[in-house]
Amino acid sequence: MSQLVLRLKAFGNSELAWRFRNSPPVIFAAVVLIVLVFCAAAANLIAPHNPFDPATLNIMDARLPPAWIDGGSSTYLLGTDEQGRDILSTIFYGMRVSILVGIAAVAFSMTIGVALGLIAGYLGGWVDTVIMRLGDIQLSFPTIMIAFFIDGVAKIVMPIGMREEMRFYVVILAIGVADWVQFARTVRAATMIERRKDYVAAARISEVSGVRILLAHILPNTIGPVLVLATLGLGVAILTEAILSFLGLGMPPSQPSLGTLIRAGNDLLLSGEWWISLFPGAALVLLVLAVNIVGDWLRDVLNPRLR
Amino acid sequence: MISLLATRLTSVILVMLVVSALSFSIFNFLGDPVNNILGVNATLAQRDELRVALGLDQSTFVQFWRFVERAVVGDFGVSYRNRQPVVDLILARLPATLELVFCATVIALAVGIPMGVYTALKPRGLVSRSLQFGSLLGISMPQFLIGMLLILVFSVELRWLSAFGRGEVVKLGWWTTGMLTTSGLKALIMPTITLAVFQVSMIMRLVRGEMLEVVRTDFVKFARARGLSDRAVYLTHALRNSLLPVITITGLQIGSLIAFAIVVEAVFQWPGMGMLILQAIEFADFPVMAAYLAFVGFSFVTINLIVDLIYLAVDPRLRAK
């Protein structure tokens, strides 16, 4: 326990912590991010209504405007949607789905990218050439286009009964596969430098297996830039998921993400019921903006070239 | 330089091979060309006959080669949904998307570059700081939300602009343009802005970063020591050297503009290629999907190649090698 305290103290005195304390916008973004993640994680505890329990929904309450506009009700702070669901509550639940998909997609592409990057950098030769060539080819396409195609094809190919419940995984797969290249490139470059160092030679002489050298010795030394990439990638992944859902290819209405909610409200925009789509939209922008600010800051602080 | 061109060309061929293989798999393994032509009510004998006639009894490799041969002359078969040749569908939708992408690129450059220069030269000013924050907002905001906000303000509240469609279009041969009529131009305004916001933010940040680096270099100091005016130092010497990466990124971004156009077209019911592919996915229209993939792949590769050539033309250091 005391060791943990010591470590925390050491972190508090580190340059990273010092820089954090001295950049108010980043502190603000971090606080916003923590609040949003808390609202999402505790959605079932703090949401004023349960939007997915049909028994509590009343169709007479459908399309109510926000509480401060004429006709609004104080029970529904941000108004209600077409089915009479409380917008604020659907945002909490939707944000949970958005964040989960985003994190899972980044974790997925990070795993593929780091694994391939380690292999390419350590083995070199034709394995390296094949992997990096593949990456080059993929990079000549925008990630959103790749995710769009994987998702679209998967949607058609899957048996109809499984489509809805599998959407979550399909979306994660589509976004994850679309984004592995930058992880692989970063890790490969770092691995190529690390593998020539003495500690790797020492490990080899002690007959440590190649897999163990890669995972236990080289990987920890390449992880810094990977984490920065992951933070920046999270913003992109959440946005990509929102775009797929908005186009009707992402999360289904039975398990809505913020993008799905915006799509549902889009049809009602022209009749002036803006709150159904724009409040989830605002939540999405706030979330991505906070992630991007923190990610940008991390990149600047951890990048020695910019100091 | 010739070796550089050779590596570029091999990579182009490699990419096109992969793309056509994917496109072929969608067309051949997901779709069923026989059902496509005969419909589901044909007899078994008819099917077999057509199968032989189409060469579907041949090996996959031979079929792939034939697919490529036909694709090169623009034959991607017939759409499942409306029974028209796929290439006609794409050509009919192409102008709408290209006009949108073209206008967005022009706006992105015309607005993004000056904003980048300004924020680099006066980094501490209030305007620069708000532009910096605005650009962060610009890259954090999904296109559909920008489009919806514009529709809410200019179509629902103010009733100035129509929320969907291209307006009146004029036919020039097979090309249809909305840029020659008032309603066509008015219809272009909101989709163009929606598509351009991300690009403007990106180019602004890029130019700013490059300018900040170039301004520190010796040749800029020397230009200043020669007593040149600020205008000459910054706009002629510094900006020119900052624009190299802008060429690359702008070129590469045209690819993502085509991708993001899918979203913008969905918001504004813009009858372009994006709407075409969305409908194709909805109705499992495999020939259209295959053709779209091949077409988009080809455009990306061509754009990348052109960007490389421009780069070669403007950067003397590359030519010298």
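Our numbering is plain: 1 for the first residue shown, then up by one each step along the chain.
Here the Cβ of each residue, glycine as well, is placed from N, Cα and C on the backbone.
Feature annotation from TrEMBL assigns domain 'ABC transmembrane type-1' to B:94-311.
The transmembrane segment annotation in TrEMBL covers B:12-31 (among others).
Per TrEMBL, transmembrane segment is recorded for B:98-121 (among others). Long-range contacts of the transmembrane segment (B:98-121) within the same chain, counting only residues at least 6 positions beyond its ends with a Cβ under 8 Å from a Cβ of the stretch, are 127-128, 131-132, 135, 177-179, 188, 191-193, 195-196, 199-212, 215, 234-235, 239, 243, 246, 250, 253-254, 257-258, 261, 264-265, 270, 272.
Outside the transmembrane segment (B:133-154) by six or more residues, the chain places 115, 160-161, 163, 190-191, 193-195, 197-198, 200-202, 204-205, 260, 263-264, 266-268 with a CB less than 8 A from a CB of the stretch. Residues annotated as transmembrane segment in TrEMBL: B:133-154 (among others).
Sequence-remote contacts of a segment are chain residues at least 6 beyond its ends whose Cβ falls under 8 Å from one of its Cβ atoms, and for the transmembrane segment (B:174-198) they are 91-92, 95-96, 99-101, 103-105, 107-108, 111, 138-139, 141, 143, 146-147, 150-151, 154-155, 161-163, 165-168, 257, 260-261, 264-265, 267-268, 270. The transmembrane segment feature in TrEMBL is assigned to B:174-198 (among others).
As annotated by TrEMBL, transmembrane segment applies to B:243-270 (among others).
Summarising the annotation, TrEMBL assigns transmembrane segment to B:290-314 (among others).
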